[in-house]
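Student: Structure incoming, see below.
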Amino acid sequence: MTQRYLFTSESVTEGHPDKICDQISDTILDALLSQDPQSRVAAEVVVNTGLVLITGEITSQAQVNYVDLVRKKITEIGYTSAENGFCATSCAVLVALDEQSPDIAQGVNVAQESRQQLSDEALDRIGAGDQGIMFGFACNETPEFMPLPISLAHRMARKLAAVRKTHQLPYLRPDGKTQVTVIYEDGRPVGIDTILISTQHTPTIGEISDEAEVQAKIKQDLWTMVVQPVFSDLTVKPDQNTRFLVNPTGKFVIGGPQGDSGLTGRKIIVDTYGGYSRHGGGAFSGKDPTKVDRSAAYAARYVAKNIVAAGLAEKCEVQLSYAIGVARPVSIFVDTFGTGKIADERLLELVQQHFELRPAGMIQSFGLRHLPSDRGGRFYQDVAAYGHFGRPDLELPWEQTDKAALLQEALPKTLSGAVSV
């Protein structure tokens, strides 16, 4: 009997209050690492009507004008008029930063293995910045090895922002959310059940002032300018049975920080796999690479993606866990949900053999300290919106599949000939 079910994921635009905070936090990180790659950063941001608060702990030799960074980022996002309820030039910016705790720093500067002289390897000298668990995931539903629901939600959110910024739909304002419900049969996506877009907009559109007519205009424009282009190159498409919902409350004029306060780290499911995979709970934005919440989540994705790209599984989830001040993972767990071509225990052995999962090793392998300076002063702020994974537009080091050929060698000879990497 065919197993049929629905799965839903959401995304938000760069103008969503929480995403404003994520982007400001990572803009600060970019600026600090560009000048001082050894910066220790935990930058948290809060936004509300007319207010931006920067707080957290930073230890760095860099000289940064935080107020200027904030205003430039808010301008880039699109809040340039008081009519939006939040404006880059008029909002207040408060800065309340401390240095990193020396109790934490001592464990990160020199790892337990090195302090106790259990290992002399250079990569054992940087311990994890905190305890915690991190998950990475990959599946073969899309070319970028991401689940289809979150991939579609991100595509629509990016397109929604694009038609606003290019003035194709000039009545749109920066805040917006997208959501896609995908129909699955026997574990494979086969159709689209529901598409939902909530987008901030002006009270009137040209001479149209009636609320119902305004919403009808928005709905038609979004179908033509956003939904249809997003699905144009896909085999799974909406059909006559697909529900298309736009601003279901009736209107969305008040938005951004005026409508809701925002906070760094509140969109962790949007940042990752849209709920399709588990999440360890730690946010990414505003954290330097010694924070394993970020670097180990990137590494776990790298491991899972290479396993799927190698044809060793159709889907794969990797869990890593760390102790503060300890370089080596406390545990590694690999789960292929019954889709593995070889046993999960064998995959675990391959992960331990071929992947560097100590904080210093991950930082070095991906170049995490130097990516901002290597890419013109901005890197992390660009992954702070529209997902940290499955981003071919950004050439992310943890999205490489350079280990796939090596892993493929572990396939039984009867299977390896049927898989191409």
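Glycine too: its Cβ is placed from the backbone N, Cα and C atoms.
Fair warning: this is a prediction, and the values are worked out from it, not measured in the lab.
Sharing the features that Swiss-Prot gives for it:
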BINDING   HIS16, ASP175, GLY176, LYS177, LYS251, PHE252, ASP260, ARG266, LYS267, ALA283, LYS287  ATP binding site
BINDING   ASP18  Mg(2+) binding site
BINDING   GLU44  K(+) binding site
BINDING   GLU57, GLN100, ASP260, LYS291  L-methionine binding site
REGION    100-110  region 'Flexible loop'
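I'd like these features described in context: how deep, what's nearby, how far apart.
Tutor: Mapped onto three states, the DSSP output places HIS16 (ATP binding site) in coil. For HIS16 (ATP binding site), other Cβ atoms within 10 Å of its Cβ number 29.
Using a 10 Å radius centred on the Cβ of ASP18 (Mg(2+) binding site) and all shown protein chains, the other Cβ atoms total 22.
Contacts of GLU44 (K(+) binding site) defined by a Cβ separation under 8 A and a same-chain sequence distance of 6+ are given as CYS21, SER25, ILE54, THR55, GLY56, LEU263, THR264, GLY265, GLY286, in order along the sequence.
Of all Cβ atoms in the shown protein chains, 16 besides its own fall within 10 Å of the Cβ of GLU57 (L-methionine binding site). In the three-state DSSP scheme, GLU57 (L-methionine binding site) is classed as strand.
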Student: To the nearest Å, how far is the Cα of LYS287 (ATP binding site) from the Cα of GLU57 (L-methionine binding site)?
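Tutor: Between the Cα atoms of LYS287 (ATP binding site) and GLU57 (L-methionine binding site), the distance comes to 10 Å.
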Student: Considering only the binding-site residues ASP18, GLU57, LYS291, which fall within 10 Å of ASP260 (ATP binding site) when distances are taken between Cα atoms?
Tutor: ASP18
Student: Do any residues at least six apart in sequence from LYS267 (ATP binding site), in the same chain, have a Cβ closer than 8 Å to its Cβ, and if so which, in order?
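Tutor: The answer is VAL12, HIS16, ASP18, LYS19, ASP22.
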Student: May I ask for the distance between LYS291 (L-methionine binding site) and LYS251 (ATP binding site), taken between their Cα atoms and rounded to an integer number of Å?
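Tutor: Pair distance, Cα basis, whole Å: 41 Å.
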Student: Report, in whole Å, the straight Cα-to-Cα distance of GLU57 (L-methionine binding site) from LYS251 (ATP binding site).
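Tutor: Just about 40 Å between their Cα atoms.
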